[in-house]
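A.B. asks: Pasting in a structure now, in structure tokens, and then I'll have a few things to ask.
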Amino acid sequence: MAALRGSARRLLPGGLAGLGLPPRRYRYKEKWAGTAPKISATRLALQNFDMNYSVQFGSLWPSIRVSLLSEQKYGALVNKFSDADRVSRELELLNTVDFVYESQKAARHVQWDSPVEGMRGEETAPQETHREQMTVEQTQMPSSLSTSISPNIKCYTFSKGDVSRFPPARPDALGTLGYYLLDVASLLPVLALNVQPGDLVLDLCAAPGGKTLALLQTGCCRHLAANDISASRSNRLRRVLCSYVPKDIGADVRITSWDGRNWGELEGNTYNRVLVDVPCTTDRHSVMEEDNNIFSRMRLKERQMLPMLQMQLLLAGLLAARPDGEVVYSTCSLSQLQNEYVVERAVEVAETEYNISVHVEDLSYFRRLFQDTFSFFADCRLGELVLPHLTANFGPMYFCKLRREQ
């Protein structure tokens, strides 16, 4: 038999190749994942943004793109539960300014123009019939800024074009840190929420904690509910508050890890102010970091479902607000699908399915008030959008204010 097999090999040119089979060492499977080219999540995100944002922003996109890929700028939120006066003096020695105070001071000396229209660029938007029914508050520059933005927030920044870094915050004798470093644009939703003394406040997607800490700095929250569905992120929120807030103040904060989409059923018609800072594509992180990147291939389904999740969270926030309560929706994305379109859809569902009328308020005075600190997108149809810019590399940050009618 061995002789026959040997003779067969001699009779077939190329051995087994004569039967149409390549030698084993040359065989491969084209379907193997290891043979496909691998594209990093950051590169995939940048390709996605190039395709979509170049259309959305036109000639502005190259500048935004460069800024997203450059080092982010930070500010220092002063912790009033520490020795705030000493901390402020030390920060001023770094040639920084409290951008909130300076903006308010400058506004007192400016003659503001007439109000701009709340609905900008309606003719380019889809679903025009419903959009015409949406009521948008048109507001002039308020005569008293103390009644238009959340009070008592102090945050220091370097001037435009100055890319200096802040040193790490040092603890005082009691172990409380003097300031919290954050993207200053993330304070704008808190300022827009206009928290007033005695308010019941809900931070629906609170982790990692910068906006929650800013809400506590106002000194106005009779009670603050801080929620995040992720238990690990909620633990991070607790650690932040432990480092910055005394225990007696922390006792007024309730931290939970519930599904925010159900909040309307849990505590409907309850809160004076609701902050809905939803999960999003976190554009800057997506083009800079591979870790926990939503553009990784394994998170494709999650990314596709983001607008639906965002709408559900905003709707839950509207249901949790009491009549005449105010809700601020925010993302750190440039995407219209995650910003204006989510707001429009949530307002429509609130009206058609829950018989709740919602006013989308005009925040154009924020552009005027903070124009020396941020670069705003002038053509945002609803709400306001901070664009990254090399001279003021904050954001992106979208925020929109809604008021639930009586």
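Every residue gets a Cβ built from N, Cα and C, even glycine.
For reference, TrEMBL lists these features for the protein:
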type	residues	note
ACT_SITE	CYS332	active site, nucleophile
BINDING	CYS205, ALA206, ALA207, PRO208, GLY209, GLY210, LYS211, ASP228, ASP259, ASP277	S-adenosyl-L-methionine binding site
COMPBIAS	119-134	compositional bias 'Basic and acidic residues'
COMPBIAS	135-148	compositional bias 'Polar residues'
DOMAIN	110-405	domain 'SAM-dependent MTase RsmB/NOP-type'
REGION	119-148	region 'Disordered'
A.B. asks: Can you tell me how many other Cβ atoms are located within 10 Å of the Cβ belonging to ALA207 (S-adenosyl-L-methionine binding site)?
C.D. replies: 25
A.B. asks: Please find, for CYS205, ALA206, ALA207, PRO208, GLY209, GLY210, LYS211, ASP228, ASP259, ASP277 as listed binding S-adenosyl-L-methionine, the greatest distance between any two Cα atoms, in Å.
C.D. replies: 20
A.B. asks: Give the number of CB atoms, excluding that of LYS211 (S-adenosyl-L-methionine binding site) itself, located within 10 Å of its CB.
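C.D. replies: By my count, 24.
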A.B. asks: For the domain 'SAM-dependent MTase RsmB/NOP-type' (110-405), what's the model's average pLDDT?
C.D. replies: 89
A.B. asks: Provide, as an integer number of angstrom, the distance between the C-alpha atoms of ASP259 (S-adenosyl-L-methionine binding site) and the residue listed as 'active site, nucleophile'.
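C.D. replies: Between the Cα atoms of ASP259 (S-adenosyl-L-methionine binding site) and the residue listed as 'active site, nucleophile', the distance comes to 21 Å.
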A.B. asks: So if I draw a 10 Å sphere around the Cβ of CYS332 (active site, nucleophile), how many other Cβ atoms end up inside it?
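C.D. replies: CYS332 (active site, nucleophile) is surrounded by 23 other Cβ atoms within 10 Å.
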